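Listed in TrEMBL:
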- B:12-31: transmembrane segment (TRANSMEM)
- B:43-68: transmembrane segment (TRANSMEM)
- B:74-93: transmembrane segment (TRANSMEM)
- B:114-135: transmembrane segment (TRANSMEM)
- B:155-176: transmembrane segment (TRANSMEM)
- B:183-203: transmembrane segment (TRANSMEM)
- B:209-228: transmembrane segment (TRANSMEM)
- B:235-252: transmembrane segment (TRANSMEM)
- B:272-296: transmembrane segment (TRANSMEM)
Amino acid sequence: MVNLVLFDAGLMGYSLAVHILLVTVGMTLPIMMSIAEFVSIKYKIKLYDVLAKRLANALIIFFAVGTASGVVVAIELFVLWPKFISVLGQVGILPLYMEIFAFFTEAIFLGIYIYFWNKFKSRMKHWLLSVFIAIGAVMSGVFITMINAFMNTPNGFNIPYYLSTGKIIDVNPFAVLNTPTTWVEIGHVIGSTIFAGAAFFLAYFAYKLLKTKGMEREYYKKAAKIAAAIVIISIILTVIIGIESITNLMVYQPEKFAALEMNFNSGPHVAEVIGGFLVNNKTVDSINIPGLMSFLATGSFNGAIASNDSLAAYPKSTWPPVAVVHNTFDIMVGIGVLIGVVMIIFLLIWLLNIRKIRDKFESNHFFNKILSNKIFSDPFDNPLVLKGLIVIGVLAGFLLEDGWVTDEVGRQPWIIYNVMTVSAAANTSPSIVPIGIAIIAFYIVVLPATLLFVRNVIKKRDLNSELGVKQ
Amino acid sequence: MNIYITLNYSLLAILFAFLLAEAMSAITFIYDRQSLPKVKKYLDPIWGVVGTFVVFFVVNAEVLYPSIMPYIDYLYVFPILVATLLFIGRNLFLVFSEYIWKDSKFSPLMLARVYSLITFIILLILLSIFVSIISGVGVNSTLTSFSAAAFLSNIYAVGFIVGTLLIAFGLSFAFYKVDKMKFLSPISTVIGLLLFIYSMHGLNLNINYITYIIAAAIAAVSIVYFITGKTRREAIFVAAFLSVISINFLNYGKVFGTKSLYTYLNNSALSYASVLVTIVGGVILTAMLIFFLYMYKLPEDKNNDYNNVEYKDDEQKIGIANLYIIPNNNKVNGKEHKTGKNGKR
C-alpha cells in the first residue's frame, strides 16, 4: 500500500524541483532581454537587438511551459494539501492573490512586447514594456516567497486559539505580507533564482564561445557579458542575504537552525559542525571547529549559543531529517561562497581587461609583467575560464535545488511551522496516485523537450540574415 | 446580493468567454485548415492571458470559499489533475506551432491541431465539473464521492455539454470569419441553444425570460454572419459573458444543486482585503487589457524607429559601452574550432 502522505509530499517536491528550474529561466530572461534591448537602443548596436529578439522568443517558449508548470504546482497545492489551503485561504492567501496580478502584468506585456514589436513608433516605449515584464516576473517570485515565509513563520491569526479549537479568529490578512522572515527570505530566494538563471545562460554562452567564431562568436560574447554581470551581482547579494537569513533562523526558527547546524550544544565556545551523520543522537564523521559557531553567531569565540538553538531542547518527533538538511546546508554554504569568490576574481580579471584600466596598470613594469600572464587575459577569450563558467552553470542548478531542499525539508514535519503537520494537511484520496505518476512522467518528457525545442529554434536561425547582412 | 459572490460569478463569466473563444479556435483548426493564420492572429497574443485567468478564478474562489475547496479537491481530484496536465500540453503545442522551424517534420497546422484537440478535452472536463458543481449531478449527498458513471448517464448533464459545444461550433464561424460551409453556423447554434435550454430544465436549473433573450442574441450573431458575412468579436464575448453570469444569477447562491453557497463563504477580514486587492488589481488589469486591445487594433507603422535606426559600427568607441560592446581583441579560439576536411565547420 502506498503511503499517500509520502506520495503527496514526493509529488509536490518533484513538481517544485522541476518548476523552480523553469522559474530561474523565466525570471532571468526578461532581465537579460531588457538590458540587451536597452544597450541596443542606447548604443545602436544591432547584435544586441538580435540578442533581445532571440531572448524574447526563448522567453515566450519558456513562459508557455513555465506558466503551465506554475498552474500544475498551484493546482497541486490546492488538491494535495486541502487542509493547509483551507487555513491559507482564511488567513494568508493574499500574496498568492496579488501574484495573479503580477502574472497578468507579465503575460499581457509579454504578448504586446513580442507580437506587436513593429507597431511601436518609439523604441524606448517598446523597451519600457520589457521593464514591466521583468518587474512582473520578479514580483511573482516575491509574492510566492511571502507564502513560503508564512509557512516558516506563521502570523496573522490567533495561533494558540487555533491549536486548541481548530477555529481561526483574529485574522489580519495584511500581516502575512510582513512576517519576521519575509523580507530576508525574499532577498535570498530572488537573488539565488536570478543567480541560477543567469549562470545557466552564462554556461550556455560560454559553451557557444568555445564552439563559434567570427560574428557569431561576437554575438555570444556580448550575451555572455550581460549574463556574467548579472551572475556577479546576484551571487554577492545572495551570499550576503544568506548570512542574514541564518541569523534570522536562529531567532525565529531555532529548531530548524539547530538541525541545519546539527547542533546539540549550548553555552559559550560552541563548535561549528561541518559534514557528518547522526547515529543514536550523536554526531559522527564530522569536522568540528571549536568556537566557530559561537563566533559566527555572536562575533566572539566565547559567545553563548542559546539553549533553544540546540536540538537537545526539542523532542525528537519534531526534528527534521537532521543529517540530510545539515549536509545540504553545508554544501549550499560551501559551494555558494566558493562560486562567490570565483566570480569576484573573474570580475577583477574582467575589469583589468578594460582598455583604460589595463593601460594604467601596464605603464608600471611590475604590473605589466603580472598582467602578461595568460590568466589575466580577457576571460571571455580564455578557454579555461569558459570551461569553468560551464561548471559554474551546472553547480548553480545543483545549488538552487540543494538550497530549496534545505529550506523545505528543514521545516519538516511541519507544513506550517508549529501549527500544522504535513500529514495532517495531506489529501489521502487514492485517486491521486495514477495521475500523480502521470505528472511525474509528463515532467520527465516536457523539460528536455522544451530545452531541445528552444535549442533548435535558435540553432535554425541565421545570424547573418537577422543582422540583415547580404550573403 | 452578496458582493463577493457577484465578483466570483463575474470572473467565472469572463473566464468562460475567453475559454469559449479558445474552444472555437480549436474547432476551427480541425474544421478548416485555411483558417490557421486568421485564428493564430487572435490566439498568439492572448493565450497567456487566458491561462492566467484560469489561475485568477481558482485563487479568487479559494479566497472566498476556502471551506468548499476540500470537497472540490476530494470530489474532482482526478479530472482537475488531468485538465492541469493537458493545460501544459495546450501551452506547449500552441507555442511549438508558432516557432516550429521550416524543415521540421511537424507542420504548424499539425501542431495547432494537437493543441485544438487538447483544448477541446480541457473544455469538456471543465464544463463537466461546472455542471456537476452547479447541479450536483454525480455527487453524493455528503459530498464525499463523485461518480463519473452517474454523471455520464445523466442525459441532461451530457445535453448541457453537447449543447455548449454546438453553440461554440456555430459561433466559431462568426468569431474567426470562416466561410467554408457557413450555413452550418446558424443551424449548429440554434440546435445547441435548444439542447442547452432543454438540459437546463432537466437539471432543475432556473430559467426565465432573460435566458431566452440571451439565447436569441446568440442565435442572432450566427444568423447575421450567415446572411451578411459580417460580425463583431466583442458581441460574442459579451454574449458568452452574459450567458454564464445569467446561469449563475438565476441559480443564485446555490451549489451542488441545493446547498447554499453562503455557508461556505469566508467571513474573515480576508474577504474584505481580497475585494480591495481585486478592485486595485482589477483597475490595473483593465488598463492593461485596454492597452493590449489598443495595440491589437493599431496598424503596423513602417516609419517606426526600428526601420529608421542607423546602427553604429562596432569599432566606434562609445564610452562605458566599451565594457559590453567593444571586443578587446579579435582572437578566435582556434583550438576549439573543429574544422572538417573541406575546411568547413
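Even glycines carry a Cβ here, placed using N, Cα and C.
Using a cut-off of 8 Å between Cβ atoms, the transmembrane segment (B:209-228) and the transmembrane segment (B:12-31) share fewer than three residue pairs, counting only pairs 6 or more apart in sequence.
Among the listed stretches B:43-68, B:74-93, B:114-135, B:183-203, the one sharing the most Cβ pairs under 8 Å with the transmembrane segment (B:272-296) is B:43-68. Within the chain carrying the transmembrane segment (B:74-93), a Cβ under 8 angstroms from the stretch's Cβ atoms is held by residues 47, 51, 54, 111-112, 114-115, 118-119, 121-122, 125-126, 128-129, 132, 139, 143-146, all 6 or more beyond its ends. With a cut-off of 8 Å on Cβ pairs spaced 6 or more residues apart, the transmembrane segment (B:114-135) and the transmembrane segment (B:43-68) reach fewer than 3 such pairs and are scored as not touching.
Of the candidate ranges B:12-31, B:155-176, B:183-203, B:12-31 contributes the most Cβ pairs within a distance under 8 Å of the transmembrane segment (B:43-68).
Beyond the ends of the transmembrane segment (B:12-31), by six or more residues, the same chain brings 39, 42-43, 46-47, 49-50, 53-54, 56-57, 109, 112-113, 115-117, 119-120, 123, 126, 165, 168-169, 171-172, 175-176, 178, 180, 233, 236-238, 240-242, 244-245, 248 to within a C-beta distance below 8 angstroms of the stretch.
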